[in-house]
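Straight from TrEMBL, the features:
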- 1-61: region 'Disordered' (REGION)
- 43-59: compositional bias 'Basic residues' (COMPBIAS)
- 83-171: domain 'S1 motif' (DOMAIN)
- 187-258: domain 'S1 motif' (DOMAIN)
- 281-346: domain 'S1 motif' (DOMAIN)
- 365-436: domain 'S1 motif' (DOMAIN)
- 453-522: domain 'S1 motif' (DOMAIN)
- 542-611: domain 'S1 motif' (DOMAIN)
- 636-707: domain 'S1 motif' (DOMAIN)
- 729-798: domain 'S1 motif' (DOMAIN)
- 1036-1109: domain 'S1 motif' (DOMAIN)
- 1200-1268: domain 'S1 motif' (DOMAIN)
- 1294-1366: domain 'S1 motif' (DOMAIN)
- 1364-1498: region 'Disordered' (REGION)
- 1386-1404: compositional bias 'Basic and acidic residues' (COMPBIAS)
- 1405-1414: compositional bias 'Basic residues' (COMPBIAS)
- 1415-1429: compositional bias 'Basic and acidic residues' (COMPBIAS)
- 1442-1454: compositional bias 'Basic and acidic residues' (COMPBIAS)
- 1519-1556: region 'Disordered' (REGION)
- 1545-1556: compositional bias 'Basic and acidic residues' (COMPBIAS)
Amino acid sequence: MAALEESFPRGGTRKIHKPEKAFQQSVEQDNLFDISTEEGSTKRKKSQKGPAKTKKLKIEKRESSKSAREKFEILSVESLCEGMRILGCVKEVNELELVISLPNGLQGFVQVTEICDAYTKKLNEQVTQEQPLKDLLHLPELFSPGMLVRCVVSSLGITDRGKKSVKLSLNPKNVNRVLSAEALKPGMLLTGTVSSLEDHGYLVDIGVDGTRAFLPLLKAQEYIRQKNKGAKLKVGQYLNCIIEKVKGNGGVVSLSVGHSEVSTAIATEEQSWTLNNLLPGLVVKAQVQKVTPFGLTLNFLTFFTGMVDFMHLDPKKAGTYFSNQAVRACILCVHPRTRVVRLSLRPIFLQPGRPLTRLSCQNLGAVLDDVPVQGFFKKAGATFRLKDGVLAYARLSHLSDSKNVFNPEAFKPGNTHKCRIIDYSQMDELALLSLRTSIIEAQYLRYHDIEPGAVVKGIVLTIKSYGMLVKVGEQMRGLVPPMHLADILMKNPEKKYHIGDEVKCRVLLCDPEAKKLMMTLKKTLVESKLPVITCYADAKPGLQTHGFIIRVKDYGCIVKFYNNVQGLVPKHELSTEYIPDPERVFYTGQVVKVAVLNCEPSKERMLLSFKLSSDPEPKKEPAGHSQKKGKAINIGQLVDVKVLEKTKDGLEVAVLPHNIRAFLPTSHLSDHVANGPLLHHWLQAGDILHRVLCLSQSEGHVLLCRKPALVSTVEGGQDPKNFSEIHPGMLLIGFVKSIKDYGVFIQFPSGLSGLAPKAIMSDKFVTSTSDHFVEGQTVAAKVTNVDEEKQRMLLSLRLSDCALGDLATTSLLLLSQCLEELQGVRSLMSNRDSVLIQTLAEMTAGMFLDLVVQEVLEDGSVVFSGGPVPDLVLRASRYHRAGQEVESGQKKKVVILNVDLLKLEVHVSLHQDLVNRKAKKLRKGSEHQAIVQHLEKSFAIASLVETGHLAAFSLTSHLNDTFRFDSEKLQVGQGVSLTLKTTEPGVTGLLLAVEGPAAKRTMRPTRKDSETVDEDEEVDPALTVGTVKKHTLSIGDMVTGTVKSIKPTHVVVTLEDGIIGCIHASHILDDVPEGISPTTKLKVGKTVTARVIGGRDMKTFKFLPISHPRFVRTIPELSVRPSELEDGHTALNTHSVSPVEKIKQYQAGQTVTCFLKKVLKHPDKKFRVGQALRATVVGPDSSKAFLCLSLIGPHKLEEGEVAMGRVVKVTPNEGLTVSFPFGKIGTVSIFHVSDSYSETPLEDFVPQKVVRCYILSTADSVLTLSLRSSRTNPETKSKVEDPEINSIQDIKEGQLLRGYVGSIQPHGVFFRLGPSVVGLARYSHVSQHSSSKKALYNKHLPEGKLLTARVLRLNHQKNLVELSFLPGDTGKPDLLSASLEGPLPKQEERKTEAEERDQKGEKKNQKRNKKKNQKGQEEVELPSKEKQQPQKPQAQKRGGRERRESGSEQERVSKKPKKAGPSEEDDSLMDVYYREGKEEAEETNVLPKEKQTKPAEVPRLQLSSGFAWNVGLDSLTPALPPLAESSDSEEDEKPHQAMKKKSKKERELEKQKAEKELSRIEEALMDPGRQPESADDFDRLVLSSPNSSILWLQYMAFHLQATEIEKARAVAERALKTISFREEQEKLNVWVALLNLENMYGSQESLTKVFERAVQYNEPLKVFLHLADIYAKSEKFQEAGELYNRMLKRFRQEKAVWIKYGAFLLRRSQAGASHRVLQRALECLPSKEHVDVIAKFAQLEFQLGDAERAKAIFENTLSTYPKRTDVWSVYIDMTIKHGSQKAVRDIFERVIHLSLAPKRMKFFFKRYLDYEKQHGTEKDVQAVKAKALEYVEAKSSVLED
């Protein structure tokens, strides 16, 4: 029932459950008297109805007793109210709150901040300082259980669990708020808290406004001595004080805290207490007014009446009270609204300041039999008399299991009952009882009863991410953390556990003070019969128990038991076998059985073991066990072992004969790294291994090794047993124990180990240590250094240090060992049952098979079938196909190269040399050429060139020799030189050999290599057929043959006996004319006579010397050159020369004839393959066997020559760097790039471009070049627009020249006229608009800008050229005003006009001073050569300035003409030179020094709204003041005078005109509808609205239109940094735009990166949904589908995801998939979401899928949920959109006949009416109205009935 009530707390009106419901809440609250409230409230309600209905029926007597009962109802949470003052007793003291026991078993809480203001202030100080204050006491030091305190109810709330909670305050300000300063009288008993310590006493906070309360030290002495153990009082200490004196109308009061005075204090009429300010805790004299069975009413302080309930009568006098009896009483509480005063007559309350002594009853939780009833209170409960005569109380709700079975007759005084003590109320000094069966039978009642390790039953309350809450008792709940929900970690605990399930748990930890209970549901722990460890003292060595792993470290596991007891299992105790990486084997939360090794309770340390040596099971055979112990094996001993089982890392074995368990790791099975896994794979349980070495033994953990090298070392006694035996220079055999970045640790058989640092690990350079060695690898190490004290040694693993004897011998030894092991594996395989495995074991290299081609794979390899057993996999790689055309079904004879025993594959070859092996006697020790056919990890298989026999040779010649650079690695097809060590193939089918020096290796021809003949030749069938035939030709023989085929570079000829020969293009003619193809001279079928000039190897395409054994199998190389056919020609090459040697025959500059073999990357229009060309040798390319040739240009580059070069570097504003074929480098200045200069002279040049150069000079090592066509092609006589200026001599005064801006200097602009000629334009000659701001020049005259200048004067002695850019000189527009026509500066700082005006005056003064300063500087900074300028202009300049300044006090742009300020001209300048912050930043970079000298600059023009110039001042010229005055140098006099003639009035008019023009422009700019047109416009907009994502997105779009993707990205990143973090949606918009951008223009990788960042910064679900939409819109359906699947895993509880996915599938016409998604959604989502989701899917079906199916879904849903009006509404909408009128009307008819609430019905009638008005006739409308009327009438008639 209780559970039912919890599930539906608000439903129904059945009164039956009421007591239990109330009990439920009360229990949760610890408020055992809570129920009486509800009872009380029902009583009160009844009393209101009562008199009306029962007056006539009931007798007066019963009525009066009823009212008496109601009057004495006990307190409940409901009867409390905010502001109520109440006496309480401290029950518990926690760090941050007090638990207060209130009368009638209620309970409240006081937070730490509700003690007093001074204490709260101290707490805040402590928080800000982040360290504890010395004089601040904690709550447990200020309060102790049993203290009586006066409280005020500060709030009544409901906690998260639905319990009612009472918050109280002890703050005197709140408690004594009802008192005023005037009301204070001597003798009053108040409570207060110490607020500060003064010299002569304490200031006490009594909470009365306008009153300072002082406690003198003298008055406090007694209290301090008796109650405070002599310690001074501290801030926040709670005191009961008596007012001694009152001064100044209550302004100052003196207090006393003497025990005797406080305990006898009585409230009297003289103290003028009123019902408003009566305080709890006051003791009053009273008179009994009325005695009732439920309590007394008292009269006190003359006028007041109060009540005492039965709990607060004096137990000794109960039943003896009579009217008018004089008693002393203590006020318990005062209700602020009803003014009901409750009092207590209990003696303990009549002595204020005394704590309560009884805080608990000793037998709490005890079940008592036959307890007699003392009295029964019909509406409250019953009192019982316990054995010791003490009274106990049980509330009504606790008298029976439910109200139905409650029988008042059973509680007549004297009747006995079985009950349980469930709590103790300190304020009422009563034990609280319960007669409920569930409570009596409950396993535990309080947290104190629960012991760690106990098994408890509970009921699942809820499942959260942090674990599962389980209800253990009426008031107790425990937590099962996620790790403890099962033996293994559960992903979905809700599938196993359901709310309300009963579960059996075991207590891990119980802390009654903190009410913390942790439990486990791990089955092994719950059901374990082993003893539990709940404290360290329980852990006796040898004890076995269950625990669980809480941490796995590389040093071992930490295992936890009950009550937070934990211990360590060190690494060596983890298992009987060695575990290198515990983190792989064990996991957190794993339940383990452990044995205690030892325990130190004082240090709380415990050592454990997972090795249960004394397992309870083997106890049956103790004798055998002890015998085992006696037969321990020793380190270094050789033993035989039997395999027990295989693990991932090795073999579990038993050491024979005593079956001692041991571990043999995979890496220790062999010296060959590759053979370890192979042996591990084929060994099986029961196999016996002989001669295995014991490496280490620690506490029963035996580690073995089967490496032959280590075994033989130990047998030979070459293994030092301890450090004293080791000395530098010793060579030891060991194995790699671990690999670190700084080196590798090597362990030796005896257990000693040393470090091989990275530097001496290898003779080769070590990049990464793990490339060179692997863990467990056998190595030889040389001791280089020994530190005996620290027991450390350093080792070298270099091959040069660790030689193990002759390389060939070692190599052969390693090979034979390896093959022997493989043979061992074959014998293991032959014991298996499988025919396939047995067949593989019998197959050896060199066996022939006849197979059928099954298929040819894409990579060119061939798979065969038709082997000896059906499932055998046989394959030939592309190389081993040997270029043969093969088709499925073809039969082929193949030879086995190798059998892969791990993958069970057979590698075969179709090579004819191997298939047709020659029988030839081989000599031991003979050297042979061989070709590598197959590579394994440690050996290779090659075929002898002469016979085709297969031989194996080791790839390593030393244990440490495992690392190869890529260039050193052998490849299949490579030629090697082998020395045979055996002449007969053994059981392996292979000859054993040793490889000769690596220098004798030859490369296999690859297409990329310089030595391949050509792709045609490589697969030229003409050359591959018949190569098997031997020939007996020798160099110089004359032969005759027929031309078989002609290729561009060679001709194939068939000689007698079917031998194939070849004629190269260079051997056809003696003199080859350039451009022809010699091979075309011969025709197919023609007979030719030729001379043999060499033999070329078929495989390597190399010329072989005649002495070469394979010469007889070569393709004869022929020549038909007339000169070589003559008899006398003998100078023939009879020995082979390497190509590198050959190249050395050619000298640079030599002209050669060559034949074009391949055209690379160039159109083959000009050249064709095989064509003869003349070329110049540039030089050899030594890295490859190549010769560099040049088809162009002379060998020497001299002045005046024209040559072709290649651009290697483009330097902005400087020019080009060009390289020539012969290593020469030249430079081209920008002045020599073209005959006519351009703004971007280097635009057309990119590295690798070929250019035609004229060499100007070769004086330096770097040539000086020119690309001017007037130089490179003088015959074209092209027009030279910009002449060459190489020196000042090439310039004339007055000449107009073009050039490039060099740099901006303090005294002017440097202007480059030629490669070495620079001119200077002073600022006065740069522009008519003078400006002191260098940044302005930097902006408008950037380096490299093309300008026109006039030469003013030349100074040949000093090499000075003075220039002018003024419009008058050049005829071009003014530089500064022209540049102002472009987009003008935008504005960042906006200020109001008022501010602007305030600043203008200052700025102008600054500006004037600045100009003066600058002038001074200029004179100083000018170089001496410039000082000799005539003085006259200087004077003139000054005159100009003085003149301007004197006449400047005129007017300004502002409409207040009389205001002082600089001249209007100055103003116009300010307007022009307004500049924004960004440029100033640039300026600082360019001019740090100058910037520092200037005062802080304020932008010149400030407007309150965005403002940009988009008009040049040129358009307003007439209105401008005379420009001459603003220039800083002399000017032509004429314009100056002409302009001066204008009258003041004309100027005024022009000025006004200009202003109108400006205001028109301003208005245009301020127009809100104006669209931004440039990046500057956007910058201004985003500055004004930085959080507007729409502006940022437009800005991005603006860049994307110009395809500037990077800029758009940058804008997005800027936006994300700028937009405030609070604007989540705006930020999300930008993220979505960035995702869109990456999706359209970025890569998948960049999109993923942005997406991952977006998910971190936003709500993940939103980002996922947006990306899915982006994918869908851009038709990336596969990606969208994958993303939705990810979402369904991550957000399976979000219905939005399911709906979106359903819509996505429907849009893709995948209706079936969408239906499946709906099914999955319903399985995953909580049932309350189902209707919404189904309705949504039905809507989607209507819009995107099948309307009929949608209807079916709606109908189905509505049949189950007919009252879901929202679903009806959607159904109606959808049918109106997609259905017929009849269908719509049918639905409406059904809806209006449903029995819904009138409000709902009205809604549907209104919709029906609206529909008919829109779609129907007048008749239809009337019909609907009639139905509505009918409905209303039917409703009202029902109500009347």
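Numbering starts at 1 and runs along the chain as it is shown here.
Placement of Cβ uses the backbone N, Cα and C atoms for every residue, glycine included.
Counting Cβ pairs closer than 8 Å to the domain 'S1 motif' (365-436), the top stretch among 281-346, 729-798, 1036-1109, 1294-1366 is 281-346.
Just going by CB pairs under 8 A, the stretch in 542-611, 636-707, 1294-1366 that sits most against the domain 'S1 motif' (729-798) is 636-707. The average pLDDT computed for the domain 'S1 motif' (1294-1366) is 85.
In this chain, the domain 'S1 motif' (281-346) lies close to the domain 'S1 motif' (83-171): three or more C-beta pairs between them fall below 8 angstroms, excluding pairs fewer than 6 positions apart. When each of 83-171, 453-522, 542-611, 1036-1109 is checked for Cβ pairs under 8 Å to the domain 'S1 motif' (636-707), 542-611 comes out on top.
With a cut-off of 8 Å on Cβ pairs spaced 6 or more residues apart, the domain 'S1 motif' (542-611) and the domain 'S1 motif' (453-522) reach 3 or more such pairs and are scored as touching. Within the domain 'S1 motif' (1200-1268), the DSSP-based counts of helix, strand and coil residues read 3 helix, 32 strand, 34 coil. Sorting each residue of the domain 'S1 motif' (542-611) by its DSSP state yields 10 helix, 35 strand, 25 coil. Secondary structure of the compositional bias 'Basic and acidic residues' (1545-1556) per DSSP (helix as H, G, I; strand as E, B; remaining residues coil): 12 helix, 0 strand, 0 coil.
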